[in-house]
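Comments concern the structure below.
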Amino acid sequence: MTELSAHLPQFQHGQMTENFPDNHLSNTNDNSERRRHDNSERRRNDNPGSETNGQPQNNIQQVVDQDEEEDEELTLKYGAKHVIMLFVPVTLCMVVVVATIKSVSFYTRKDGQLIYTPFTEETDTIGQRALNSILNAAIMISVIIVMTILLVVLYKYRCYKVIHGWLIISSLLLLFFFSFIYLGEVFKTYNVAMDYITVALIIWNFGVVGMICIHWKGPLRLQQAYLIMISALMALVFIKYLPEWTAWLILAVISVYDLVAVLCPKGPLRMLVETAQERNETLFPALIYSSTMVWLVNMAEEDPEGQRKASKNSTYDKQAPANQSQNEDAEADDGGFSQEWQQQRDNRIGPIESTPESRAAVQALPSNSQTSEDPEERGVKLGLGDFIFYSVLVGKASATASGDWNTTLACFVAILIGLCLTLLLLAIFKKALPALPISITFGLVFYFATDNLVQPFMDQLAFHQFYI
(Lines of atoms letter the chains of each structure in order from A; the text may use other names.)
(Lines give C-alpha, C1' and ligand atoms only; values in the text may rest on other atoms or scores of the structure.)
Protein backbone atom coordinates (compact mmCIF):
# COMPACT_ATOMS: atom_id res chain seq x y z
CA MET A 1 0.00 0.00 0.00
CA THR A 2 2.85 2.38 0.73
CA GLU A 3 4.44 1.85 -2.66
CA LEU A 4 1.14 2.25 -4.43
CA SER A 5 0.32 5.51 -2.68
CA ALA A 6 3.60 7.03 -3.90
CA HIS A 7 2.38 6.87 -7.50
CA LEU A 8 -1.19 8.00 -6.89
CA PRO A 9 -2.02 11.35 -8.50
CA GLN A 10 -3.69 13.99 -6.43
CA PHE A 11 -7.36 14.75 -7.01
CA GLN A 12 -8.08 18.44 -6.49
CA HIS A 13 -11.20 20.30 -7.66
CA GLY A 14 -12.09 17.47 -10.01
CA GLN A 15 -8.79 17.77 -11.95
CA MET A 16 -5.77 15.49 -11.92
CA THR A 17 -2.54 17.36 -11.09
CA GLU A 18 0.95 16.28 -10.16
CA ASN A 19 3.64 18.10 -8.19
CA PHE A 20 7.12 18.22 -9.65
CA PRO A 21 10.22 19.03 -7.60
CA ASP A 22 12.00 21.63 -9.73
CA ASN A 23 10.21 24.93 -9.15
CA HIS A 24 12.98 26.88 -10.91
CA LEU A 25 12.29 25.32 -14.32
CA SER A 26 11.47 27.65 -17.19
CA ASN A 27 8.04 28.05 -18.73
CA THR A 28 9.20 25.96 -21.69
CA ASN A 29 9.91 23.05 -19.43
CA ASP A 30 6.57 23.59 -17.72
CA ASN A 31 4.80 23.58 -21.08
CA SER A 32 6.60 20.43 -22.18
CA GLU A 33 5.62 18.76 -18.95
CA ARG A 34 2.02 19.83 -19.45
CA ARG A 35 2.05 18.48 -23.03
CA ARG A 36 3.44 15.15 -21.89
CA HIS A 37 0.86 15.05 -19.13
CA ASP A 38 -1.96 15.87 -21.58
CA ASN A 39 -0.77 13.13 -23.92
CA SER A 40 -0.76 10.63 -21.09
CA GLU A 41 -4.30 11.71 -20.17
CA ARG A 42 -5.43 11.24 -23.79
CA ARG A 43 -3.97 7.74 -23.82
CA ARG A 44 -5.80 6.97 -20.60
CA ASN A 45 -9.04 8.34 -22.03
CA ASP A 46 -8.58 6.19 -25.14
CA ASN A 47 -8.33 3.15 -22.86
CA PRO A 48 -10.78 4.01 -20.10
CA GLY A 49 -10.78 0.55 -18.58
CA SER A 50 -7.05 0.03 -18.61
CA GLU A 51 -6.39 1.18 -15.05
CA THR A 52 -8.37 1.25 -11.86
CA ASN A 53 -6.98 2.98 -8.79
CA GLY A 54 -3.53 2.92 -10.32
CA GLN A 55 -3.70 -0.83 -11.06
CA PRO A 56 -4.32 -2.42 -14.48
CA GLN A 57 -7.51 -4.38 -14.75
CA ASN A 58 -5.58 -7.41 -15.95
CA ASN A 59 -3.66 -7.45 -12.69
CA ILE A 60 -6.89 -7.03 -10.72
CA GLN A 61 -8.45 -9.93 -12.62
CA GLN A 62 -5.39 -12.06 -11.91
CA VAL A 63 -5.63 -11.22 -8.22
CA VAL A 64 -9.33 -12.16 -8.18
CA ASP A 65 -8.58 -15.45 -9.94
CA GLN A 66 -5.80 -16.20 -7.48
CA ASP A 67 -8.14 -15.48 -4.56
CA GLU A 68 -10.76 -17.82 -6.01
CA GLU A 69 -8.16 -20.54 -6.51
CA GLU A 70 -6.96 -20.09 -2.93
CA ASP A 71 -10.56 -20.33 -1.68
CA GLU A 72 -11.06 -23.55 -3.64
CA GLU A 73 -7.80 -24.96 -2.28
CA LEU A 74 -8.85 -24.04 1.26
CA THR A 75 -12.24 -25.66 0.69
CA LEU A 76 -10.61 -28.86 -0.49
CA LYS A 77 -7.95 -28.80 2.21
CA TYR A 78 -10.18 -27.94 5.13
CA GLY A 79 -13.08 -29.90 3.67
CA ALA A 80 -11.70 -33.36 2.90
CA LYS A 81 -9.10 -33.08 5.64
CA HIS A 82 -11.61 -32.37 8.37
CA VAL A 83 -14.09 -34.93 7.02
CA ILE A 84 -11.41 -37.55 7.63
CA MET A 85 -10.55 -35.94 10.96
CA LEU A 86 -14.19 -36.40 12.03
CA PHE A 87 -14.52 -39.92 10.65
CA VAL A 88 -11.66 -41.13 12.82
CA PRO A 89 -13.06 -40.02 16.23
CA VAL A 90 -16.61 -41.12 15.38
CA THR A 91 -15.27 -44.51 14.33
CA LEU A 92 -13.14 -44.81 17.46
CA CYS A 93 -16.07 -43.95 19.72
CA MET A 94 -18.32 -46.53 18.07
CA VAL A 95 -15.55 -49.15 18.11
CA VAL A 96 -15.03 -48.66 21.86
CA VAL A 97 -18.77 -49.05 22.48
CA VAL A 98 -19.18 -52.12 20.26
CA ALA A 99 -16.07 -53.79 21.68
CA THR A 100 -17.37 -53.22 25.20
CA ILE A 101 -20.84 -54.52 24.34
CA LYS A 102 -19.39 -57.67 22.75
CA SER A 103 -16.98 -58.43 25.58
CA VAL A 104 -18.39 -56.99 28.84
CA SER A 105 -21.74 -58.57 29.72
CA PHE A 106 -22.45 -55.92 32.37
CA TYR A 107 -23.68 -53.42 29.75
CA THR A 108 -26.10 -55.89 28.14
CA ARG A 109 -27.52 -57.17 31.41
CA LYS A 110 -30.80 -55.55 32.47
CA ASP A 111 -30.35 -54.29 36.02
CA GLY A 112 -32.86 -51.45 36.00
CA GLN A 113 -33.86 -48.29 34.18
CA LEU A 114 -33.09 -44.61 34.32
CA ILE A 115 -35.21 -42.36 36.50
CA TYR A 116 -36.29 -40.56 33.31
CA THR A 117 -37.81 -43.80 31.93
CA PRO A 118 -40.07 -45.00 34.75
CA PHE A 119 -42.36 -47.25 32.67
CA THR A 120 -41.25 -50.83 32.19
CA GLU A 121 -41.43 -52.69 28.89
CA GLU A 122 -41.91 -56.08 30.56
CA THR A 123 -45.62 -56.20 29.70
CA ASP A 124 -48.02 -58.88 28.54
CA THR A 125 -49.22 -57.12 25.40
CA ILE A 126 -47.42 -55.37 22.59
CA GLY A 127 -49.79 -52.41 22.79
CA GLN A 128 -48.96 -51.78 26.44
CA ARG A 129 -45.25 -52.07 25.68
CA ALA A 130 -45.56 -49.59 22.82
CA LEU A 131 -47.48 -47.17 25.03
CA ASN A 132 -44.89 -47.42 27.81
CA SER A 133 -42.04 -46.87 25.37
CA ILE A 134 -43.78 -43.79 23.95
CA LEU A 135 -44.24 -42.36 27.44
CA ASN A 136 -40.61 -43.07 28.33
CA ALA A 137 -39.39 -41.43 25.13
CA ALA A 138 -41.62 -38.39 25.71
CA ILE A 139 -40.25 -37.92 29.24
CA MET A 140 -36.65 -38.34 28.09
CA ILE A 141 -37.00 -35.89 25.20
CA SER A 142 -38.74 -33.40 27.49
CA VAL A 143 -35.80 -33.55 29.90
CA ILE A 144 -33.35 -33.00 27.02
CA ILE A 145 -35.35 -30.01 25.74
CA VAL A 146 -35.58 -28.42 29.19
CA MET A 147 -31.85 -28.89 29.83
CA THR A 148 -31.00 -27.42 26.42
CA ILE A 149 -33.19 -24.36 26.96
CA LEU A 150 -31.69 -23.88 30.43
CA LEU A 151 -28.19 -24.00 28.94
CA VAL A 152 -29.11 -21.44 26.27
CA VAL A 153 -30.67 -19.08 28.84
CA LEU A 154 -27.61 -19.29 31.07
CA TYR A 155 -25.32 -18.61 28.12
CA LYS A 156 -27.53 -15.78 26.88
CA TYR A 157 -27.24 -13.98 30.21
CA ARG A 158 -23.50 -14.70 30.50
CA CYS A 159 -23.78 -17.08 33.44
CA TYR A 160 -20.49 -18.64 32.41
CA LYS A 161 -19.52 -19.71 35.91
CA VAL A 162 -22.78 -21.62 36.38
CA ILE A 163 -22.35 -23.42 33.05
CA HIS A 164 -18.72 -24.11 33.81
CA GLY A 165 -19.61 -25.58 37.20
CA TRP A 166 -22.37 -27.67 35.64
CA LEU A 167 -19.97 -29.09 33.05
CA ILE A 168 -17.26 -29.69 35.65
CA ILE A 169 -19.65 -31.74 37.82
CA SER A 170 -20.72 -33.78 34.78
CA SER A 171 -17.10 -34.36 33.77
CA LEU A 172 -16.19 -35.38 37.32
CA LEU A 173 -18.96 -38.00 37.37
CA LEU A 174 -17.93 -39.40 33.99
CA LEU A 175 -14.18 -39.36 34.51
CA PHE A 176 -14.18 -40.71 38.07
CA PHE A 177 -17.39 -42.57 38.93
CA PHE A 178 -18.39 -44.09 35.58
CA SER A 179 -14.74 -44.75 34.70
CA PHE A 180 -14.34 -46.63 37.99
CA ILE A 181 -17.40 -48.79 37.18
CA TYR A 182 -16.17 -49.39 33.62
CA LEU A 183 -12.66 -50.35 34.72
CA GLY A 184 -13.99 -52.67 37.42
CA GLU A 185 -16.25 -54.51 34.96
CA VAL A 186 -13.43 -54.85 32.43
CA PHE A 187 -11.16 -56.34 35.12
CA LYS A 188 -13.93 -58.76 36.14
CA THR A 189 -14.53 -59.81 32.54
CA TYR A 190 -10.87 -60.56 31.84
CA ASN A 191 -10.23 -61.89 35.37
CA VAL A 192 -7.58 -59.32 36.23
CA ALA A 193 -6.72 -59.12 39.93
CA MET A 194 -6.22 -55.54 41.09
CA ASP A 195 -6.05 -53.96 44.54
CA TYR A 196 -8.09 -50.87 45.39
CA ILE A 197 -5.03 -48.65 45.94
CA THR A 198 -3.78 -49.23 42.41
CA VAL A 199 -7.26 -48.72 40.99
CA ALA A 200 -7.60 -45.49 42.96
CA LEU A 201 -4.27 -44.22 41.59
CA ILE A 202 -5.28 -45.11 38.04
CA ILE A 203 -8.67 -43.43 38.31
CA TRP A 204 -7.18 -40.37 40.04
CA ASN A 205 -4.56 -39.82 37.34
CA PHE A 206 -7.03 -40.53 34.56
CA GLY A 207 -9.63 -38.14 35.96
CA VAL A 208 -7.31 -35.27 36.89
CA VAL A 209 -5.54 -35.26 33.53
CA GLY A 210 -8.91 -35.39 31.80
CA MET A 211 -10.25 -32.43 33.76
CA ILE A 212 -7.14 -30.40 32.90
CA CYS A 213 -7.26 -31.26 29.20
CA ILE A 214 -10.99 -30.66 28.79
CA HIS A 215 -11.54 -27.60 30.96
CA TRP A 216 -8.16 -25.90 30.73
CA LYS A 217 -5.25 -26.68 28.41
CA GLY A 218 -3.65 -29.81 27.11
CA PRO A 219 -2.34 -31.53 23.98
CA LEU A 220 -4.88 -31.67 21.17
CA ARG A 221 -4.77 -35.46 20.78
CA LEU A 222 -5.17 -35.99 24.49
CA GLN A 223 -8.15 -33.64 24.66
CA GLN A 224 -9.79 -35.42 21.74
CA ALA A 225 -9.13 -38.83 23.32
CA TYR A 226 -10.83 -37.78 26.56
CA LEU A 227 -13.84 -36.37 24.71
CA ILE A 228 -14.19 -39.63 22.80
CA MET A 229 -13.89 -41.62 26.02
CA ILE A 230 -16.53 -39.67 27.95
CA SER A 231 -18.87 -39.92 24.95
CA ALA A 232 -18.40 -43.69 24.89
CA LEU A 233 -19.02 -43.93 28.65
CA MET A 234 -22.22 -41.91 28.37
CA ALA A 235 -23.39 -44.03 25.43
CA LEU A 236 -22.75 -47.22 27.42
CA VAL A 237 -24.88 -45.89 30.28
CA PHE A 238 -27.76 -45.20 27.87
CA ILE A 239 -27.39 -48.61 26.24
CA LYS A 240 -27.56 -50.39 29.59
CA TYR A 241 -30.39 -48.48 31.22
CA LEU A 242 -32.64 -47.59 28.27
CA PRO A 243 -35.23 -50.23 27.29
CA GLU A 244 -35.01 -51.46 23.72
CA TRP A 245 -38.12 -49.91 22.20
CA THR A 246 -37.63 -46.72 24.19
CA ALA A 247 -34.09 -46.39 22.82
CA TRP A 248 -35.24 -46.69 19.20
CA LEU A 249 -38.03 -44.16 19.76
CA ILE A 250 -35.64 -41.73 21.46
CA LEU A 251 -33.21 -41.99 18.53
CA ALA A 252 -36.00 -41.29 16.05
CA VAL A 253 -37.43 -38.34 18.00
CA ILE A 254 -34.06 -36.81 18.92
CA SER A 255 -33.12 -36.59 15.25
CA VAL A 256 -36.31 -34.63 14.53
CA TYR A 257 -35.71 -32.41 17.55
CA ASP A 258 -32.13 -31.78 16.43
CA LEU A 259 -33.44 -30.68 13.04
CA VAL A 260 -35.88 -28.24 14.63
CA ALA A 261 -33.46 -26.95 17.28
CA VAL A 262 -30.74 -26.09 14.75
CA LEU A 263 -32.66 -24.87 11.71
CA CYS A 264 -35.63 -23.03 13.22
CA PRO A 265 -35.04 -19.27 13.72
CA LYS A 266 -35.83 -19.56 17.44
CA GLY A 267 -34.37 -23.03 17.91
CA PRO A 268 -32.32 -23.31 21.11
CA LEU A 269 -29.21 -24.72 19.47
CA ARG A 270 -29.33 -22.13 16.70
CA MET A 271 -29.67 -19.34 19.25
CA LEU A 272 -26.70 -20.78 21.15
CA VAL A 273 -24.50 -20.84 18.04
CA GLU A 274 -25.58 -17.38 16.89
CA THR A 275 -24.97 -15.90 20.33
CA ALA A 276 -21.48 -17.38 20.41
CA GLN A 277 -20.77 -15.99 16.93
CA GLU A 278 -22.05 -12.53 17.86
CA ARG A 279 -19.79 -12.46 20.91
CA ASN A 280 -16.89 -13.94 18.94
CA GLU A 281 -16.55 -16.70 21.53
CA THR A 282 -15.94 -20.41 21.29
CA LEU A 283 -18.39 -22.79 22.88
CA PHE A 284 -17.32 -24.82 25.87
CA PRO A 285 -14.90 -27.62 24.89
CA ALA A 286 -16.80 -30.04 27.14
CA LEU A 287 -19.78 -29.70 24.75
CA ILE A 288 -18.02 -29.67 21.38
CA TYR A 289 -15.54 -31.98 19.70
CA SER A 290 -13.34 -29.96 17.38
CA SER A 291 -10.91 -31.23 14.77
CA THR A 292 -8.65 -28.39 15.96
CA MET A 293 -7.70 -27.12 19.39
CA VAL A 294 -10.33 -25.38 21.50
CA TRP A 295 -9.12 -23.87 24.75
CA LEU A 296 -11.31 -22.19 27.31
CA VAL A 297 -9.44 -19.69 29.45
CA ASN A 298 -10.89 -16.64 31.21
CA MET A 299 -14.34 -16.98 29.63
CA ALA A 300 -16.06 -16.80 33.01
CA GLU A 301 -15.41 -13.09 33.47
CA GLU A 302 -18.19 -10.90 34.79
CA ASP A 303 -17.43 -7.96 32.45
CA PRO A 304 -15.92 -9.15 29.18
CA GLU A 305 -16.27 -5.73 27.54
CA GLY A 306 -14.35 -4.04 30.33
CA GLN A 307 -11.79 -6.79 30.22
CA ARG A 308 -11.39 -6.28 26.49
CA LYS A 309 -10.96 -2.53 26.90
CA ALA A 310 -8.46 -3.02 29.68
CA SER A 311 -6.48 -5.43 27.56
CA LYS A 312 -6.43 -2.91 24.70
CA ASN A 313 -5.23 -0.14 27.03
CA SER A 314 -2.54 -2.36 28.44
CA THR A 315 -1.50 -3.24 24.90
CA TYR A 316 -1.21 0.42 23.99
CA ASP A 317 0.76 1.12 27.16
CA LYS A 318 3.13 -1.66 26.32
CA GLN A 319 3.50 -0.52 22.73
CA ALA A 320 4.30 3.10 23.60
CA PRO A 321 7.82 2.54 24.98
CA ALA A 322 8.43 -0.04 22.30
CA ASN A 323 7.58 2.50 19.59
CA GLN A 324 9.85 5.06 21.21
CA SER A 325 12.70 2.60 21.26
CA GLN A 326 12.00 1.70 17.63
CA ASN A 327 12.14 5.38 16.65
CA GLU A 328 15.45 5.75 18.44
CA ASP A 329 16.77 2.68 16.67
CA ALA A 330 15.50 4.02 13.35
CA GLU A 331 17.44 7.22 13.86
CA ALA A 332 20.60 5.24 14.57
CA ASP A 333 20.04 2.72 11.77
CA ASP A 334 18.04 3.93 8.77
CA GLY A 335 18.07 0.50 7.13
CA GLY A 336 19.62 1.90 3.92
CA PHE A 337 16.99 4.63 3.42
CA SER A 338 19.36 7.52 4.01
CA GLN A 339 18.87 11.20 3.22
CA GLU A 340 20.79 10.76 -0.05
CA TRP A 341 18.45 7.95 -1.09
CA GLN A 342 15.40 10.11 -0.34
CA GLN A 343 16.82 13.02 -2.38
CA GLN A 344 17.49 10.71 -5.34
CA ARG A 345 13.96 9.35 -5.10
CA ASP A 346 12.51 12.88 -5.03
CA ASN A 347 14.56 13.77 -8.12
CA ARG A 348 13.25 10.71 -9.97
CA ILE A 349 9.52 10.67 -9.13
CA GLY A 350 8.93 13.94 -7.37
CA PRO A 351 8.08 14.67 -3.76
CA ILE A 352 5.31 12.69 -2.16
CA GLU A 353 2.56 14.90 -0.84
CA SER A 354 -0.36 13.59 1.15
CA THR A 355 -3.80 15.15 0.81
CA PRO A 356 -7.17 14.07 2.17
CA GLU A 357 -8.21 13.05 -1.35
CA SER A 358 -5.18 10.85 -1.90
CA ARG A 359 -5.54 9.25 1.52
CA ALA A 360 -9.22 8.53 0.82
CA ALA A 361 -8.28 7.00 -2.53
CA VAL A 362 -5.67 4.79 -0.91
CA GLN A 363 -8.06 3.70 1.82
CA ALA A 364 -10.67 2.82 -0.81
CA LEU A 365 -8.33 0.27 -2.37
CA PRO A 366 -8.93 -3.40 -1.49
CA SER A 367 -6.78 -4.50 1.39
CA ASN A 368 -5.77 -7.94 2.62
CA SER A 369 -5.01 -6.66 6.09
CA GLN A 370 -8.17 -8.11 7.59
CA THR A 371 -7.54 -10.48 10.38
CA SER A 372 -7.70 -13.97 9.01
CA GLU A 373 -8.89 -16.91 11.05
CA ASP A 374 -6.16 -18.57 12.99
CA PRO A 375 -5.30 -21.99 11.55
CA GLU A 376 -5.95 -23.52 14.97
CA GLU A 377 -9.53 -22.19 14.86
CA ARG A 378 -10.27 -23.72 11.46
CA GLY A 379 -12.02 -27.01 11.46
CA VAL A 380 -15.33 -28.78 11.72
CA LYS A 381 -16.94 -29.01 15.15
CA LEU A 382 -19.29 -31.81 16.18
CA GLY A 383 -21.33 -31.87 19.36
CA LEU A 384 -20.60 -34.60 21.87
CA GLY A 385 -24.31 -35.45 21.83
CA ASP A 386 -23.89 -36.57 18.22
CA PHE A 387 -21.08 -38.92 19.26
CA ILE A 388 -23.25 -40.29 22.06
CA PHE A 389 -26.34 -41.01 19.95
CA TYR A 390 -24.28 -42.46 17.07
CA SER A 391 -22.72 -44.86 19.56
CA VAL A 392 -26.08 -45.64 21.18
CA LEU A 393 -27.48 -46.66 17.80
CA VAL A 394 -24.55 -48.91 16.92
CA GLY A 395 -24.32 -50.29 20.47
CA LYS A 396 -28.03 -51.09 20.63
CA ALA A 397 -27.79 -52.75 17.23
CA SER A 398 -24.88 -54.83 18.49
CA ALA A 399 -26.64 -55.73 21.74
CA THR A 400 -30.10 -56.57 20.36
CA ALA A 401 -29.28 -58.13 16.99
CA SER A 402 -28.49 -61.56 18.50
CA GLY A 403 -24.77 -61.17 17.97
CA ASP A 404 -25.20 -60.43 14.27
CA TRP A 405 -22.22 -58.53 12.87
CA ASN A 406 -24.00 -57.75 9.60
CA THR A 407 -26.51 -55.50 11.33
CA THR A 408 -23.80 -53.80 13.38
CA LEU A 409 -21.64 -53.12 10.33
CA ALA A 410 -24.65 -51.91 8.36
CA CYS A 411 -25.47 -49.35 11.05
CA PHE A 412 -21.82 -48.32 11.24
CA VAL A 413 -21.61 -47.71 7.50
CA ALA A 414 -24.97 -45.92 7.48
CA ILE A 415 -23.84 -43.46 10.15
CA LEU A 416 -20.62 -42.66 8.28
CA ILE A 417 -22.54 -42.14 5.03
CA GLY A 418 -24.97 -39.83 6.79
CA LEU A 419 -22.11 -37.90 8.39
CA CYS A 420 -20.44 -37.52 5.01
CA LEU A 421 -23.64 -36.17 3.46
CA THR A 422 -24.08 -33.78 6.39
CA LEU A 423 -20.56 -32.43 5.92
CA LEU A 424 -21.24 -32.06 2.20
CA LEU A 425 -24.31 -29.95 2.97
CA LEU A 426 -22.22 -28.01 5.47
CA ALA A 427 -19.74 -27.13 2.73
CA ILE A 428 -22.59 -26.04 0.44
CA PHE A 429 -24.66 -23.95 2.86
CA LYS A 430 -21.76 -22.80 5.08
CA LYS A 431 -23.80 -22.61 8.26
CA ALA A 432 -24.45 -24.73 11.32
CA LEU A 433 -26.38 -27.89 10.42
CA PRO A 434 -27.78 -30.73 12.55
CA ALA A 435 -25.61 -33.84 12.43
CA LEU A 436 -28.16 -36.35 13.70
CA PRO A 437 -31.09 -36.47 11.22
CA ILE A 438 -29.40 -37.98 8.16
CA SER A 439 -27.12 -40.36 10.05
CA ILE A 440 -29.77 -41.55 12.51
CA THR A 441 -32.35 -41.99 9.74
CA PHE A 442 -29.93 -44.05 7.66
CA GLY A 443 -28.92 -46.03 10.73
CA LEU A 444 -32.49 -46.88 11.71
CA VAL A 445 -33.43 -47.86 8.14
CA PHE A 446 -30.32 -50.01 7.75
CA TYR A 447 -30.86 -51.62 11.15
CA PHE A 448 -34.45 -52.73 10.61
CA ALA A 449 -33.84 -53.66 6.96
CA THR A 450 -30.77 -55.73 7.76
CA ASP A 451 -32.21 -57.33 10.88
CA ASN A 452 -35.54 -58.27 9.29
CA LEU A 453 -34.61 -58.86 5.64
CA VAL A 454 -30.90 -59.36 5.02
CA GLN A 455 -30.06 -61.50 8.03
CA PRO A 456 -32.90 -64.07 7.53
CA PHE A 457 -31.94 -64.27 3.86
CA MET A 458 -28.30 -64.95 4.73
CA ASP A 459 -29.32 -67.52 7.33
CA GLN A 460 -31.30 -69.40 4.69
CA LEU A 461 -28.37 -69.24 2.30
CA ALA A 462 -26.07 -70.66 4.96
CA PHE A 463 -28.59 -73.35 5.91
CA HIS A 464 -28.97 -74.56 2.32
CA GLN A 465 -25.25 -73.98 1.61
CA PHE A 466 -25.87 -71.61 -1.27
CA TYR A 467 -23.04 -69.26 -2.19
CA ILE A 468 -23.56 -66.03 -4.10
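Each Cβ is built from the backbone N, Cα and C atoms, and glycine gets one as well.
In Swiss-Prot, P219 does not share a side of the membrane with A462; the two are on opposite sides. Long-range contacts of the transmembrane segment (168-190) within the same chain: residues 100, 103-107, 199, 202-203, 206-207, 210-211, 214-215, 226, 229-230, 233-234, 236-237, 286, each at least 6 residues beyond the stretch ends and with a Cβ under 8 Å from a Cβ of the stretch.
With a cut-off of 8 Å between Cβ atoms, none of the residues of this chain six or more beyond the topological domain 'Lumenal' (191-195) come close. Against the transmembrane segment (222-242), stretch 84-104 has more CB pairs under 8 A than any other of 84-104, 134-154, 250-273. The two recorded residues, D258 (active site) and D386 (active site), show a Cα separation of 10 Å. Of the ranges 84-104, 134-154, 196-217, 250-273, the one with the most Cβ pairs under 8 Å to the transmembrane segment (434-454) is 250-273. On its own chain, D386 (active site) has A435, L436, S439 as residues at least 6 apart in sequence with a Cβ closer than 8 Å to its own Cβ.
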